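In what follows, a single structure is set out as structure tokens and then discussed.
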Ligand code: AMP
């Protein structure tokens with residue numbers, strides 16, 4: 001039996017899950033790393049272990065994780081693990097698939113941190129800590145960008161001078177790749193096809209859409225950063241670059257202020273004051289016009305992307321996944337209603353059933369399968385990591 005720890009390290013947090021082969025047996029979270037009091041939590045079966053103490057950095061946080069896993073009886077020390085799978089946000093153009101990271105290539109990984117300065121350094125801190133605490137354990141980096149590396153150049157390039165690409169690596173990369181890949185594999189199994197042609201919509205607080213042709217990504221809505229594309233909880237998605245220049249000049253905004261506005265203070269939050277779709281739909285029920293408009297805009301942007309991706313892939317299925325995609329029947333219904341003239345026909349009864357199972361919510365007349373597939377990025381990272389053991 002293989003013991004795999006999956007780590008998702010953020011700048012001040014650490015999410016983890018322990019797998020015994022493909023079974024998740026424990027999961028937890030360390031928060032407020034670097035602050036006076038950090039909170040650590042481990043959940044397994046119906047039990048919970050909690051700790052509160054000062055954890056200065058990721059190394060101290062991981063030591064607490066090790067201690068909690070010991071207390072729960074899973075392992076005495078990290079060296080008993082077969083491998084650790086690390087979620088790494090950006091793989092640039094060098095890392096096109098899950099990669100074993102050791103002292104021979106960690107510098108190469110560090111060299112692309114400038115592409116995701118808020119995320120990659122924290123991910124790398126997790127890898128370095130494991131290399132330090134348990135040198136015998138295999139470390140595998142699984143990249144959010146990797147699945148999208150099959151996009152053709154005409155899809156991933158921006159129409160700006162060559163040197164911005166050749167020297168600065170500015171191009172579209174796409175994110176949520178682990179999720180798009182996972183659900184597209186599940187869809188292929190479910191539909192019994194070898195080469196999937198589909199459109200997958202990962203709709204959570206962050207949201208992106210991918211066009212999948214013969215099982216490979218040919219286009220995706222996020223770009224150099226996760227800002228491009230759909231309207232999200234707090235991100236604006238597609239916007240005229242000129243509007244940003246205008247805003248900056250008019251309000252004398254710095255680049256950092258603009259960055260914060262677009263990433264943290266825009267999207268659904270800016271449109272209607274809430275970024276959780278459950279709150280937005282409650283407010284719609286109460287007659288709030290701003291929430292209704294925000295909902296329309298959210299679904300319209302998704303509809304437009306699906307339309308454009310139908311033009312570049314011979315899709316026969318639409319996949320909904322992530323928090324909103326899996327749970328929000330109103331969004332699914334609205335998007336499919338917008339697409340009804342193209343032959344999408346949703347079965348309202350099936351759409352309203354809540355379930356954790358993969359399901360087709362299209363009617364038998366629908367030209368396209370409409371699938372709801374729960375994503376599981378941690379399991380996908382565990383499986384990709386296990387392949388190195
Ligand atoms: P994720 O980023 O995939 O964890 O998704 C989080 C988002 O999913 C939340 O912000 C909510 O907008 C949405 N969500 C979660 N559960 C539901 C639900 N039952 N109905 C509607 N939206 C939901």
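Glycine is no exception: its Cβ is also placed from the backbone N, Cα and C atoms.
Because TrEMBL annotations are produced automatically, they should be read as predictions rather than curated entries.
Listed in sequence order, 87, 88, 89, 90, 91, 175, 176, 177, 178 are the same-chain residues six or more apart from residue 144 (active site, proton donor/acceptor) with CB atoms under 8 A from its CB. According to DSSP, residue 144 (active site, proton donor/acceptor) sits in a coil region rather than a helix or strand. Feature annotation from TrEMBL assigns active site, proton donor/acceptor to 144.
Per TrEMBL, the feature Mg(2+) binding site maps to 8, 377. The C-beta environment of residue 377 (Mg(2+) binding site), restricted to residues of the same chain at least 6 apart in sequence and closer than 8 Å, consists of 87, 178, 179, 182.
The ATP binding site annotation in TrEMBL covers 15, 202, 203, 204, 205, 206, 276, 277, 278, 323, 324, 325, 326, 327. Annotation for residue 205 (ATP binding site): same-chain Cβ neighbours under 8 Å, separated by at least 6 residues, are 232, 233, 234, 275, 323. Annotation note: residue 205 (ATP binding site) sits in a coil segment as assigned by DSSP.
Per TrEMBL, the feature substrate binding site maps to 87.
In the structure as shown, the Cβ atom of residue 176 (site 'Transition state stabilizer') sits within 10 Å of 29 other Cβ atoms. The site 'Transition state stabilizer' annotation in TrEMBL covers 176 (among others).
Per TrEMBL, the feature site 'Transition state stabilizer' maps to 235 (among others). Sequence-distant neighbours of residue 235 (site 'Transition state stabilizer') (same chain, 6+ residues apart, CB-CB distance under 8 A): 206, 226, 227, 262, 263, 264, 266, 267.
Comparing the binding-site residues 87, 278 on other C-beta atoms within 10 angstroms of each C-beta gives the minimum for 278. For the pair residue 326 (ATP binding site) and residue 8 (Mg(2+) binding site), the C-alpha distance works out to 22 angstrom.
Taking 8, 176, 205, 324 as the candidate recorded positions, the subset whose CB lies under 6 angstroms from any atom of ligand 1 consists of 205, 324.
For residue 8 (Mg(2+) binding site), the nearest of the binding-site residues 15, 203, 276, 278, 324 in terms of C-alpha separation is 15.
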